[in-house]
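Trainee: Swiss-Prot feature annotations, pasted as is:
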type	residues	note
BINDING	ARG73, GLY132, ASP150, LEU151, ASP162, PHE163, SER196	S-adenosyl-L-methionine binding site
BINDING	ARG73, GLY132, ASP150, ASP162, PHE163, SER196	S-adenosyl-L-homocysteine binding site
Amino acid sequence: MATEEHQRLASIVKSCHESLRQLTKEYGATAAWQEHTSPRNAKQLAEYAKAMKQLAAIWETNDGKVELQARSRIKWAIDYITKYFFTEGIYLQKRQREQRLLESYRAEGKLGEVQCRLMEEPPDRLHVLDVGSCFNPFSSAPHLEVTALDLCPATEDVLQADFLKVEVVPGIREPELEEGSVRRLPASHYECVIFSLLLEYMPSAEQRLQCCLQAYDLLLPEGILVLITPDSQHVGKNAHLMKNWRYSLARIGLLRVRFEKLPHISCMVFRKAISRELSQHWASIHREEGMCEEIRIPQDDS
């Protein structure tokens, strides 16, 4: 059962989300985001960041309880990243699968010659970009070199950034800041990008897709985008939305390689395919009626 403090913190988070959704209904997503991220709203954003950090601590520090451990989004993400790049070499298994798919599409005459890009052997420390990080929870993993970004950082090791406004630039190797905010990030640089509880914060389906397009450009070939989104429903309740996410991300070159429903969250991993054309062709043959290129969440219909 939630404690009084837990309920108070959750109320702060919910209030911030509802405020942004209301602004979006009144002024549209672009104007709403502009207002939400303006200095006039700095106090609410700071309260939100503090509440999110305290809420996370309630769950993440209860490692001894199996039920709470199962809910740990941080642990889940680190475990899969480790398996994908190191202990199980999943990236090689997925490469072979994509190469077989490519051969079959070519044999059927459905896809011509395409350029494939493969990842070199993963480094000992992976370059990870954690967007909407809040308090840099992945920094404790010794094999992750984390660049943490947030609209309103809760700790000093998180860089301030409005991800929707950040440029992805080829040829640079480090984030570039102006006036204390990240303005540019290196293209094709990261083995992993993490959106943990980020996309549902964005007020529109178009902005969520824009975030994913940014992630694609930031990732190295065969790198992964880890998506963690709130979901307290049973596993099939939001299946149509998750299918549409899978289709939409395949259209931009990201193929889903993992989906797991945990209590209160859904955890997904999408991989930058060896060929964008391959991913797009997969999407075209798996498209179902009513699917479209957008990232919708249940709150969009409320």
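Placed from the backbone N, Cα and C atoms, the Cβ positions cover glycine too.
Quick caveat, the model's predicted, so the values are computed rather than measured.
Help me see these features in their spatial surroundings.
Mentor: Cβ neighbour count for GLY132 (S-adenosyl-L-methionine binding site) (all protein chains, 10 Å cutoff from its Cβ): 21.
Secondary structure at ARG73 (S-adenosyl-L-methionine binding site), as computed by DSSP, is helix.
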Trainee: Looking at the binding-site residues ASP150, ASP162, which sits with the largest number of other Cβ atoms within 10 Å of its Cβ?
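Mentor: Result of the Cβ crowding comparison: ASP150.
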Trainee: Would you identify the secondary structure of PHE163 (S-adenosyl-L-methionine binding site) according to DSSP, in three states?
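Mentor: Going by the DSSP assignment, PHE163 (S-adenosyl-L-methionine binding site) falls within a helical segment, counted as helix.
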